[in-house]
Amino acid sequence: MTAQDQEALGASPQDEESMIRSSGLQIGKLAIGSLLLACFLANADESFVLTTGSDVASALNASSSAAWLITGYNLGYILALPMYGQICDLTGPRKAILLALTVYGCGCLMTGVSQNIYWAVAGRLISGFGGAGMNELVSVILNELHSFDRVAMLRSYVSTVSIIGVTCGAPLGAFLTSWIGWQWAFLIHIPFAVICLTVISLSLSPTKPSPLVTSKSSYGSIQNYKASENTPRKSFDIAGLILLFISIICFLAFVQLTQAEDFENKSILLIVCAAVFVGCSTAFYLNESCWVQDPMIHFSLFSPNKLGLIYSAQLLLGIAQFSVRSPIYFLIGSTGR
């Protein structure tokens, strides 16, 4: 028996855990910095348009549509969040975050060169698709790479960077817009996204997890689940994605129409939007709960004895923060003070 074999046999459970984690993705300080930078960009972009949206909409002759620049990013963010969980299971976290960075850069490019409000909103929507992965997958990668004692410390860095990004996004957007113009304020994001993409692609080794379906009953449980050889492979929930997209679009259209000046003339359109929203939302719930084998959103996690109370607290906290912060930025942007 060699010295290496004796050393492996005498390893403690903590050492075995470290060996298992070190055999996967390899990461350095530069890669951690790139992951944190990606997290900063995604969170800063969430509030970036709060102070620049009115300038962008005015430059594109669509002052009344400034709010859609914010809504577009948040819409893409919401739709992409459940998608990246499945993408990560199918391709691995490295390819998933590289995809997110690429999509984010394309969205910033599209917004920066847009000549009308529709292209600008579409660019913000695409940026939201990328920003969701940049923000979500950082924690996934850190959990894959380090032992649990280091993960807690690194997650604290992620939380700090996220708060700094959301806080600095609005004033940073106002400064860049007044300094180099609103178009370059979006285009300047691209070099940072390219830096993150390059460093992460060179620092993380390509690994792909086994794309096996996890039993629904095992979600929310700390017990390890070992799939058998006959377990079917994961499939992407395209139907759920389409239903979720239509539901959110109809809800936003309904809210927008209720604020229109000719409200009475659009009553039929309001009824159609409400009916489609209710129908697609119901179909989405049934699809995720009963029909699809590997859903995007596991509604069983929302029960109070699992994560339901935590999700509810996060929802209320997000509503409170956005409700307090957004009117202040809009007021400052409209008055110029």
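Quick reminder: no glycine exception, Cβ is built from N, Cα and C everywhere.
Here's what TrEMBL has on this protein:
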DOMAIN    31-337  domain 'Major facilitator superfamily (MFS) profile'
TRANSMEM  64-84  transmembrane segment
TRANSMEM  96-119  transmembrane segment
TRANSMEM  125-145  transmembrane segment
TRANSMEM  157-176  transmembrane segment
TRANSMEM  182-204  transmembrane segment
TRANSMEM  236-255  transmembrane segment
TRANSMEM  267-286  transmembrane segment
TRANSMEM  307-332  transmembrane segment
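In summary, the transmembrane segment (125-145) lies against the transmembrane segment (64-84): three or more C-beta pairs, each 6 or more positions apart in sequence, are under 8 Å.
Each of 182-204, 236-255, 267-286 was scored by its Cβ pairs under 8 Å to the transmembrane segment (64-84), and the highest score goes to 236-255.
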